[in-house]
Amino acid sequence: MKIFVPLLSFLLAGLTTGLDWWEHGNFYQVYPRSFKDSDGDGIGDLDGVTEKLKYLKDIGMDGVWLSPIFSSPMADFGYDISNFREIQTEYGDLDAFQRLSDKCKQLGLHLILDFVPNHTSDQHEYFKKSVQKDETYKDFYVWHPGVHGPNNTKVPPSNWISVFRGSSWEWNEERQEFYLHQFLKEQPDLNYRNPAVVEEMKNVLRYWLDRGVSGFRIDAVPYLFESDIIDGRYRNEPESRTTDDPENPAYLVHTQTMDQPETYDMIYQWRAVLDEYSKTDNRTRIMMTEGYTSLPKIIEFFGNATANGAQIPFNFEVISNVKKNSTGADFATYVKRWLDAKPANRRSNWVLGNHDNNRLGSRLGENKIDLYNIALQTLPDIAVTYYGEEIGMLDQWIPWNETVDPAACRSDEASYSAYSRDPARTPMQWDSGKNAGFSKAAKTWLPVADNYKTLNVKIQDRARKSHLKIFKKLTKYRKRQILTEGDIDIKVSGENLLVYKRKVDKVGYVVVALNFGTEPVALGLSSLFDRADQRMQVVVSSNRVSTPDNVWVDVDNYVLIGESGIVLQYLWGKNPIVS
């Protein structure tokens, strides 16, 4: 059966010149524990990151975003913070942080920290004092005495379920009350209805801004507020009827524990703190927000008519919806959905991987690694890359006895692999030496991937063509005017050929062709775009494509092999040479 997909097309106006540093920025997520170990303990650290900053500069990055580095008992690998103003000792200390910050400035890189405001560790002094009903801290968290249950017992005040399964309420014997935890029981939720909490968390931001950071990525934003208490009780959430497992968070529709109206005002208040600093030296501090929620809710993070919010509310349309068998038409749908929803005066961003998802090649297809990196670097505005995706790192199977991810460890040996995020967090593969050049330790915190001897930075940097070489060429090329300012016209031909054109009048245009299918397809550009020139110059293509860079090709008859991409250019009035 032949499937016909109608031609999709839409056009966006060109962007203005004089861009701020972040508006067309390339951001790189470093998972510090896995990036580079400088002291031989098998765990990555800040001095290791500092050692590799030159590499990040060389591959075209503008911003370096660090996953959490603050003091933590590591119940959730840094997302359970016991002191917001200290560095986790495994990663270094404040002096190591200062070395990192200074080196970033020297190289022209912007340092972004992970800010985890929804909760703390249960080992934080805030929580310990709250348990003791210290006058200052007694209402720093969400407490409730419980309601009467059978046989004169106390039961939780609502049916809320945590992200990590089971009740969101945990009984504290010392205080004789329940406390709320939307994540692990070791991660009690802060009470943002308390003005003292709001001010204290603003002061945490100021502390790190004073130390020179360029912004923050805000974790788990939709969970900041819950619906307020009414008549001594919290409102129950309705059943979703999508699962019969009452411990599963999907058992409920989270109408009371996510996306509350007060959340957006809190984001706007934090943006105001960042702007205080930006005004003092005319250097923009940025906010990224993480929220796995509906697209309209994500768009609200941008701000409104009276208040600015996050410059970069993470766009999860692709990461949440595109699968290994997705077509070009599918991909275009999710790209268009974001572009249609985004306010005209805001910047797009594209996120294809992170520490909570399987690696790009494992999730979407190893053959398509370059295809997706081509898309990431040529779609409008901001790109975010998870460490190792530039070389095509893949998930590494981790046996049960070496699994450390709390999400997996709370299951069992039969089912843990469905929950574990460890496979996408293995050490960075720098070279073919011991532990892939990550560490000199006898044992690393997670096993190094089995393929490190053939898949690493050193090998790819020396190859004639490789994922890394393609990535570096893309990041260099995307700084050109057509990709920083150009409008975009997207079309889908058949089911699997996605083609988009970026153009600047009187300068030229770039055409990006992505073949999501397994079969070769002729581009046929003259049938897709008006005034398409017959011949265009190859800028860069997937590793699977044999056509050399810089050659000119017939854009109607050129055949693009399956699961690959190519970038073509035509500069008006010039015979372009691509460096």
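Each residue, glycine too, has its Cβ placed from N, Cα and C.
Annotation source Swiss-Prot lists Ca(2+) 1 binding site at ASP37, ASP39, ASP41, ILE43, ASP45, citing experimental evidence. Annotation source Swiss-Prot lists N-linked glycosylation site at ASN118, ASN151, ASN282, ASN304, ASN325, ASN401, citing sequence analysis. Swiss-Prot lists ASN118, ASP189, TYR223, LEU224, GLU226 with the feature Ca(2+) 2 binding site, giving experimental evidence as the kind of evidence. If you look up Swiss-Prot, you'll see ASP219 marked as active site, nucleophile. Look at Swiss-Prot and you will find GLU290 tagged as active site, proton donor, backed by similarity to another entry. The N-acetyl-beta-D-glucosamine binding site feature in Swiss-Prot is assigned to ASN325; the stated evidence is experimental evidence.
Here the features listed in Swiss-Prot are placed on the structure.
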{"residue": "ASP37", "record": "Ca(2+) 1 binding site", "DSSP (3 states)": "coil"}
{"residue": "ILE43", "record": "Ca(2+) 1 binding site", "DSSP (3 states)": "coil"}
{"residue": "ASN151", "record": "N-linked glycosylation site", "DSSP (3 states)": "helix"}
{"residue": "ASP189", "record": "Ca(2+) 2 binding site", "DSSP (3 states)": "strand"}
{"residue": "ASP219", "record": "active site, nucleophile", "DSSP (3 states)": "coil"}
{"residue": "ASN282", "record": "N-linked glycosylation site", "DSSP (3 states)": "coil"}
{"residue": "ASN325", "record": "N-linked glycosylation site", "DSSP (3 states)": "coil"}
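For the binding-site residues ILE43, LEU224, the ranking by surrounding Cβ atoms (within 10 Å, all protein chains) places LEU224 first. For GLU226 (Ca(2+) 2 binding site), the nearest neighbour among the listed recorded positions (ASN151, ASP219, ASN325), judged by C-alpha distance, is ASP219. Using CA atoms as reference points, the recorded positions ASP39, ILE43, ASN282, ASN325 were checked against ASN401 (N-linked glycosylation site), and the closest is ILE43. Counting Cβ atoms from all protein chains shown, ASP45 (Ca(2+) 1 binding site) has 26 others lying within 10 Å of its own Cβ.
The Cβ of ASP219 (active site, nucleophile) has 19 other Cβ atoms within 10 Å, all protein chains considered. A straight line from the CA of TYR223 (Ca(2+) 2 binding site) to the CA of ASP39 (Ca(2+) 1 binding site) spans 37 Å. It is 5 Å from the Cα atom of ASP219 (active site, nucleophile) to that of GLU290 (active site, proton donor). In sequence order, TYR264, TYR268 make up the list of same-chain residues 6 or more apart from ASN304 (N-linked glycosylation site) whose Cβ falls under 8 Å from its Cβ.
Among the recorded positions ASP45, ASN118, ASN325, the ones whose Cα sits within 10 Å of the Cα of ASP189 (Ca(2+) 2 binding site) are ASN118, in sequence order.
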